[in-house]
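Data block below; observations after.
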C-alpha cells in the first residue's frame, strides 16, 4: 500500500481528517488494512444516500471474483480468508454471497473462484440454489474467457460428499471455463486443506490478475454485513444454561427440549434467522465404554494439536464419537483386518449404510480389536459444534438465547445411544451449568425489511424454532403485516410445540392464520405439504400480495415435498405450466421472497 498522498484538491477529506486516518492506520498489517477497507465498504453499503452521492469511479481493470456459497458459515470463512490473502498480495478482488451475485454477468468474469459447501442429498447451499439452477439451464452462457477454481467443503459421513462443489466444477468446465487449479474436496477438518489451497490460488493469480492501483478501492465487495464480536466459533462464549424444559408429552415418541441460555453481560447479539453454535462434550460413559472395548487405559497420553492430553480427556472434548463415517469404517477395517468389515471395503453403498446404522462404539463392539491410543485418535474426526436455529428474539428475551432441541435417542441391540450435542444439552448440563456458544449469522433467512409485508412460515417439528423468533420480533415491532404459520407433527395432544404461545398470538391478532397437520391422529397421514395444497387458492392470494415464504426443517424429505407442493399451487392457481412455475419460484428466491433454513 502506498503512503504517497494525492493532491488535497482530489481528496474528500480535509487535512485534519486525513491526519487522523493516517495515524489510525499506521501500525496495521496488510491483512488488517484489507479488513478495515471491507468494513468501511460495508458501512457505506448501509447508507444508500451516501453511496449515491459518490462520483462514479473510472472504469477499473477486471479483477478476481470470489463467490461464497455457505450453509453453516465455514465456506464463508474460507472465502473471506482468501479475499484477505489476495488483498495482501495487492490484487483486485471482489467477494460476494452467491445469493447476491447477479449470475447473468458470469460470462464477463475473467477470474472466478467458487467456495461452496453442500447440504441435504448433494444440493448446493440455499444461497446458491438460483446460481446452480442457472448454470445447469439452457440460459447458461459459454465461459471460454473465464478461468476458475473451486474449493468444496463437505462431510464424508454423508453419501453425496462435496457434491455441490463437484457440480460447479464440472459445469464451469463444460461451459468452456479453464481450470486454474484442480478442485479440492475438504472434509469436516478443512482448515489445513483450505490454507494450502489459498496459497496455491494466490500464486496462480499473481501472474494473471491485475494489481490494484493505489487509488483503487480493492475491497469492491463484501459478504453482506460486517459482524463484529469478540466471540466466534474459535472463541466461544462461556454462557450458562438456565432452562431445560421438555415440551413434548409424556407419551410422545419424541423428546423435544426448550433450552434457554443466559448470555449475561457478554453483549452477544443475534437476529431472528440466526443459528446458535454449541460446543459440546461427549458422554463420559461413552468414552469409558470405547476405551474399555479397545483394552486401553483412560490416562494414556496422546497428542492433540501439539498438546499432550490423557486419552479420556481427548475423547471427551476433542473427537467426534457419535457420528460414524464410511472412511472410519474402511480405515478401521484395514487397520484391524476385521473379517466382518473387510468385505465392505470398496463397496461405497455398503460402507455408507454400515456407517449410518452402526455407531463407532458398536462397530468396535461387533468387530473387536486392540489398537494403541494414538491409532484410535488418528482414526477419529475432530469434534465440531452443532448449530441450532435460534427460537427467540432479543427484542423480547434480551440477554438470553433460546433453542428448540430434538434429542436423538435410539437403541442398538438393546443398548441406549444418543446424539452428542442434543443429549449433552438435555441430560448432562445442569442448571446454571456452562455451555460454550457462538452466533452463526444467517443473512439468507431474514424477516422482510418492510413490516407491512405478509409472511408465510412453514416449519414442521423442530423447524418451528425460527418462527417463534419471527413472531416475537413482529410482535415487538408491532408489524402490521399478516402472518401465516403451517406446523405439523405426529400428534396434537403430545407434539404441539409451543401451543400456548401460538394460541396467544392468534388471540392477539399477531398470527393471522395457523394451519396444523397431525400425521398420526387419523388413518390418513397428513403433512404440511398437504395443508399447502388444501389452502392453495388463499396461498396464491398471499403470494400475489407480496408475501415472503419461509421453510425450516428437514432438507432430505420435508423441504423437497414442500417445494413440490408450492410449485403445484403456483402452477394451478397462477395458470402456469411446470416450467413457468419453476421459473416463478426461482424468481421469488432471487428476490429473497422464498427463503429456506434446512438441514
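The backbone N, Cα and C atoms fix where each Cβ goes, and this holds for glycine too.
Database features, via Swiss-Prot:
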type: DOMAIN; residues: 64-202; note: domain 'Flavodoxin-like'
type: BINDING; residues: 70-75, 117-120, 153-162; note: FMN binding site
type: DOMAIN; residues: 234-448; note: domain 'FAD-binding FR-type'
type: BINDING; residues: 322, 356, 386-389, 404-406, 410, 419-422, 599; note: FAD binding site
type: BINDING; residues: 519, 520, 525, 526, 527, 528, 529, 561; note: NADP(+) binding site
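Features as recorded by Swiss-Prot, highlighted on the structure.
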{"residue": "70", "record": "FMN binding site", "Cβ neighbours (10 Å)": "27"}
{"residue": "117", "record": "FMN binding site", "Cβ neighbours (10 Å)": "27"}
{"residue": "158", "record": "FMN binding site", "Cβ neighbours (10 Å)": "20"}
{"residue": "161", "record": "FMN binding site", "Cβ neighbours (10 Å)": "20"}
{"residue": "322", "record": "FAD binding site", "Cβ neighbours (10 Å)": "21"}
{"residue": "386", "record": "FAD binding site", "Cβ neighbours (10 Å)": "20"}
{"residue": "406", "record": "FAD binding site", "Cβ neighbours (10 Å)": "19"}
{"residue": "419", "record": "FAD binding site", "Cβ neighbours (10 Å)": "19"}
{"residue": "520", "record": "NADP(+) binding site", "Cβ neighbours (10 Å)": "14"}
{"residue": "529", "record": "NADP(+) binding site", "Cβ neighbours (10 Å)": "24"}
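Long-range Cβ proximity for residue 599 (FAD binding site), meaning a same-chain Cβ under 8 A and a gap of 6 or more residues, is found for 119, 387, 553, 554, 555. Across the fold, the C-alpha of residue 70 (FMN binding site) and the C-alpha of residue 386 (FAD binding site) stand 16 Å from each other. When DSSP labels each residue, the domain 'Flavodoxin-like' (64-202) comes out as 55 helix, 32 strand, 52 coil, counted as helix, strand and coil in that order. The Cβ of 519 has fewer other Cβ atoms within 10 Å than any other of the binding-site residues 404, 519. Over the domain 'FAD-binding FR-type' (234-448), the average per-residue pLDDT in this prediction is 96. It is 21 Å from the Cα atom of residue 526 (NADP(+) binding site) to that of residue 406 (FAD binding site). Residue 158 (FMN binding site) sits 18 Å from residue 421 (FAD binding site), taking the CA atoms of both as reference points. Within the same chain, residues at least six positions away from residue 525 (NADP(+) binding site) with a Cβ under 8 Å of its Cβ are 519. Across the fold, the C-alpha of residue 527 (NADP(+) binding site) and the C-alpha of residue 406 (FAD binding site) stand 19 Å from each other. Least packed by the Cβ count within 10 Å, out of the binding-site residues 421, 526, 528, is 526.
For residue 73 (FMN binding site), the nearest of the binding-site residues 419, 421, 528 in terms of C-alpha separation is 421. Taking the Cα atom of each, residue 161 (FMN binding site) and residue 529 (NADP(+) binding site) are about 28 angstrom apart.
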